[in-house]
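Reviewing the structure listed below.
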2 protein chains.
Amino acid sequence: MCSRPVPREPLHRVAVTGGTHGNEMSGICLVRHWLQAPGELQRPSFSAVPVLANLAAIAACRRYVGCDLNRTFISTFLTAKASPDDPYEVTRARELNQLLGPKASSQAFDFVLDLHNTTANVGTCLIIDTNQDVFAMHLCHHLQLQNPELPCRVILYQRPGEERFSLSSVTKNGISLELGPQPQGVLRADLFSQMRALVAAVLDFIELFNQGTAFPAFEMKAYSIVGTVDFPRTKDGHLAGTVHPRLQDQDFELLQPGAPIFQMFSGEDVLYEGESTVYPVFINEAAYYEKGIAFFQTKKLTFSVPALPALTSACTPGP
Amino acid sequence: MCSRPVPREPLHRVAVTGGTHGNEMSGICLVRHWLQAPGELQRPSFSAVPVLANLAAIAACRRYVGCDLNRTFISTFLTAKASPDDPYEVTRARELNQLLGPKASSQAFDFVLDLHNTTANVGTCLIIDTNQDVFAMHLCHHLQLQNPELPCRVILYQRPGEERFSLSSVTKNGISLELGPQPQGVLRADLFSQMRALVAAVLDFIELFNQGTAFPAFEMKAYSIVGTVDFPRTKDGHLAGTVHPRLQDQDFELLQPGAPIFQMFSGEDVLYEGESTVYPVFINEAAYYEKGIAFFQTKKLTFSVPALPALTSACTPGP
C-alpha cells in the first residue's frame, strides 16, 4: 500500500466502469446507456470512457462467474502467464489492466470511477483505498459539499499491509461509488438517478481541477475498516441465525459492546462482544455471506487532508 | 385446470418446502432449521415434513441451475422418459413428484406449503392456483382473520386454460407463501419471524380441520392475474428504462390508465395504456427480468367460497 501522488497534469484519460459485479444493476444500465449516448460523459477538457467490466457475469446476471473480479487486480494475477485454466475474471482483469492500466505505470488512465450497488442500507457511500489518496479525498469532500442533503460517507477499504486489489487500483487515481440498498438483479429508479447525478458531480470536479482550481486543506471524517464479523453458523457452515432486527439497516450507526447483533434460529440473541464501539457497514450484504462476513467493523476517524494545489498547466476549454 | 375436491379425511401427510428457488432465503433457512429441530412442525394429528426442494440451486444460491423448478411440474416433464440431457430441475421435479405425489394420484401428500420470497414490496402474500381450491381459500381466509394487522393478500396465479405447473400442484392441496421485499441471497430477521409465524398458523388451521371444525361460507377478495407488462427495452433486448418511482413498491395499489409506469433512461415517462384500472403485483421482481415481466396486472375480484364441512371422521388428539 502506498500513497498515490497528487496529479500534476490535467486528467484527460478518465473511465467510468459498471458491472464489475454482474448483478449490480445501476452501473450496468448507466454504462450501457452511455455506450449508446456518451454526451453526458463529456466535459470541456475530457470525455470519460464508459466500460462494462465483467461481461460474462453481466450476461449471467451474477456477481461473477469464476471469482470476484474486484479482488483480482493484484500482481499475482496480472503478471502471471495466461493459462487456459484461469478463471474468466483473471483473464478479464488482464484485459482491463491493458485497457485502463497497466497498473502503476505512467501509461495508466488518470482516473476511474467504478459503480457498485449493495443490498445493505449504506445510502450513498464513497470507497477509496486509503486516506493517502489525496486527490480522491478531495473529490469525496467535494461530493459531500455538493450534496449536503445526502449523508455521503467515505469508507477506507484497504487494510494495512494489503496489496490494492480492486479495479480502481489499476488507474492513477480512482474511487468506487456504492449505493444501497438495492437487491441484486434489480434496477430501482431512485438509485439510478442518484448514481447518475453523482457521476456528473465527479466529472464536474475533475473538470474544475483540470481548469486550474485549487482546493484548500480540510478535515474529513471517514470510516476505516478494522475487522469483520461472520454470521453464527452450524458445524456444517450453514446459518444458525441472522442479523438482529435492531442491527439490520443500521449501517454507520454506533454499535456498543453488549448490543444484540444476531438472532439465533433457536431464539436467543447474540450480543456484540467487541471491546469498543464500532460503526458497522455492509450489514447483511448478499454477496458477503459466502465470504463469511455479516458486517464490517469500522472506526470513524478524522483525517487532515492537505491542500490540492492548482495545476500550473491547466487546460483551457475547447472552442 | 380443475378444482380440487374438498378433503373428506384428515390431512395427515403434510409437507413444508423451502428453496424451490435457491436464493429465497427465508424458506431455506426455516426448513434447514426444522430438519434439525422438527418440533415446531408437529401437531396432535400430524407432523409436517420439511423438504428442501431445489438442492443444487440452494448450494449455488441461485434461483435455479438449469430451469425454473416451479414451472416444471407438468405432465410433459413428469411423465417423459428420463434423459441425461434433462436439466437438473426436471430430474428434481420427478424426484419431488415421487416424494410428494404422484401428482393427481390418491397416494399424493394431502397438503404442501411452499415458502417463497420476492424482491417486490408485496408484504405477506398467499398464492393459490384458482378460486376453485376451496380448502386453500378457507386457509387463506383463516390467516387473514388471524392476522388482522397484516394485509395478507391472496393471488390467484393460474391463468385460464393453463396446466398447473407449480410445486404445490403435486399434492392434493397446497398454497405458496410469498413474503417481500427481501433481496435474493439475503435473510432478514423480520421476514424470517413473520414466515415462521405464518407456517405455524397454517399448521394450526390444518389441525383445526383435522379435529372436526367446520368453516362457514364467506366472501373473499383475491387478486387474479390477467396479464403482464415488460420493461421498455432496446432493440438488443437490454433495459431502456425502469419501473417509475411512482409505481415502485406500490404492489396491490390501484393503477389507472395514464399513470406513469416506467422512466426511460433518456428521460421521458412511459404511461400506462391499459383500458381499465388494474392492481400491479410483483413490481420489479429480480427473477422476472429474464421472463420479460416488469409487473403482473391483476383484477381484484370478490369470490363466494362455500362452507368447508366438518369431517365426519375427525381425528381425536393423541394421548
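Backbone N, Cα and C define each Cβ position, glycine as well.
Automatic prediction, not curation, is the source of TrEMBL annotations.
Counting every protein chain shown, the Cβ of B:Glu178 (active site, proton donor/acceptor) has 26 other Cβ atoms within 10 Å. Taken from TrEMBL, the feature active site, proton donor/acceptor applies to B:Glu178.
Residues or ranges marked as Zn(2+) binding site by TrEMBL: B:His21, B:Glu24, B:His116. Note on B:His21 (Zn(2+) binding site): other Cβ atoms within 10 Å of its Cβ, all shown chains, come to 26.
According to TrEMBL, the feature domain 'Succinylglutamate desuccinylase/Aspartoacylase catalytic' maps to B:12-206.
Per-residue pLDDT, averaged along the domain 'AstE/AspA barrel-sandwich hybrid' (B:219-300), amounts to 97 for this model. What TrEMBL records for B:219-300 is domain 'AstE/AspA barrel-sandwich hybrid'.
Neighbour count (other Cβ atoms within 10 Å of the Cβ, all protein chains): 29 for B:Glu24 (Zn(2+) binding site). Helix, strand and coil counts from DSSP across the domain 'AstE/AspA barrel-sandwich hybrid' (B:219-300) read 3 helix, 35 strand, 44 coil. In this structure, B:His21 (Zn(2+) binding site) belongs to neither helix nor strand by DSSP; it is coil. For the Zn(2+) site, the Cβ centre of B:His21, B:Glu24, B:His116 serves as reference, and the other residues of the chain with Cβ at most 8 Å from it are B:Gly19, B:Thr20, B:Asn23, B:Gly27, B:Arg63, B:Asn70, B:Leu115, B:Asn117, B:Thr118, B:Glu178.
The Cβ of B:His116 (Zn(2+) binding site) lies under 8 Å from the Cβ of B:Thr20, B:His21, B:Glu24, B:Gly27, B:Ile127, B:Ser176, B:Leu177, B:Glu178, B:Leu179, each on the same chain and at least six residues away in sequence.
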